[in-house]
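Below is one structure, written out as structure tokens, with a few remarks after it.
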């Protein structure tokens, strides 16, 4: 579920923290992907026919997650991303009640799905079939095997995948976290990417403006979130707990706006509980906000030294066996995917241009003078002003001394010219003086300015991806 209403609140209150980017902007970047969320989306999105059933092999086992993961990963690599897939470990104990609620919702959805099938209501079948989806342990293991054979790094988190993704950005081992769960921000991810799966699909899944706009993603920058909301990280965590998270109940009657105002006034949940009207706002009897806070601050994750990230060569023959023999994929289609995979690996090895250059700036004389004047005005005490004045006096004296030397040289040269005595004295003197004046006053330097022409490079990548209509994660979908 993530944090209730967080993305909308950030968009309204700290709009500079959210921006749309093209997938090309992530070229050369390492992105940590919430694998469980991705598999869930693939199973929902890839359907066989109008009955919205999953793709299956001859044994009747679902293969939608394999097809989606393989296709999507190659597509991301073709766009220059370097994906790392992070899988969930054991769920935290605090999440037990939330998981029970999800189980109840899933059971209710299954009942509604059965009814919809009896009535032949295709729209309701599609809606309820999505709510009944859950990623099984076997599907997770198959996904890990597929990625390993493709040479893609796989990380198994001891607990929450989005928490591990967030810490990979803290370790500077990844640029961003890709997930639909906004609680990755509460875990401290530097950058959150949303809609990554929805926007790396086949050409059929692009909107009508996609040819001009490209694949559009949503990027949320945590630093800008805190700056825009004017909150510390600790205050932001408490704010998110009050909005509603997976780890504890929240105070009834408090939404995101009220929670924000209370945090701004009282700074933390402890002070809020002491000061609010508890007749108006009902505090849960067993309000485990302290435990929830600690789960966000100190989640169970692998330490940096425990994380191993290796992009390996694909195991082509084993990959063919896994897809064709074990899961009955079409051989021609598999060959096509492998060809694209090998080609895409070359794209991911390209370095970003900003890794080749560093910015070097040289201050102009005008800027130096302005800064000196400001420094003089800001100098505190007569001592600092006197010191600046002394420095200025020394500079002026040095300039004066230089001018005297130049004048002496000029005088000596003039005397030399005057002492010449030949029949063309006057003419020679005038010529020498003209040359002298030209050298002294009319010296010019010609420089050419260069223009760098930015050219847009367009690359059309054809693919045979399965059409994937990825839904955005909403509160009514059981994630």
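Every residue number used here counts from 1 along the chain in the order it is shown.
Glycine too: its Cβ is placed from the backbone N, Cα and C atoms.
Per Swiss-Prot, these features apply:
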REGION    1-106  region 'N-domain'
BINDING   34, 88, 160, 162  Mg(2+) 1 binding site
BINDING   47, 72, 160, 244, 246  DNA binding site
REGION    124-266  region 'I-domain'
BINDING   181, 183, 246  Mg(2+) 2 binding site
REGION    349-357  region 'Interaction with PCNA'
REGION    379-455  region 'Disordered'
COMPBIAS  403-428  compositional bias 'Basic and acidic residues'
Checking the binding-site residues 34, 88, 160, 181 against residue 246 (DNA binding site) with a 10 Å Cα-Cα cut-off, in sequence order, leaves none
What subset of the binding-site residues 34, 72, 162 lies within 10 angstroms of residue 181 (Mg(2+) 2 binding site) at the C-alpha level? 34, 162
Secondary structure content, the region 'N-domain' (1-106) (per DSSP, counts of residues): 58 helix, 20 strand, 28 coil
If you measure from the Cα of residue 162 (Mg(2+) 1 binding site), which of the binding-site residues 72, 183, 244 is the nearest? 183
Express the distance between the Cα positions of residue 160 (Mg(2+) 1 binding site) and residue 183 (Mg(2+) 2 binding site) as a whole number of Å. 11
Grouping DSSP H, G, I as helix and E, B as strand, the residues of the region 'I-domain' (124-266) number 73 helix, 17 strand, 53 coil
Hey, for the Mg(2+) 1 site built from 34, 88, 160, 162, who else sits with CB inside 8 A of the CB center? 36, 37, 86, 157, 161, 163, 164, 165, 179, 181, 184
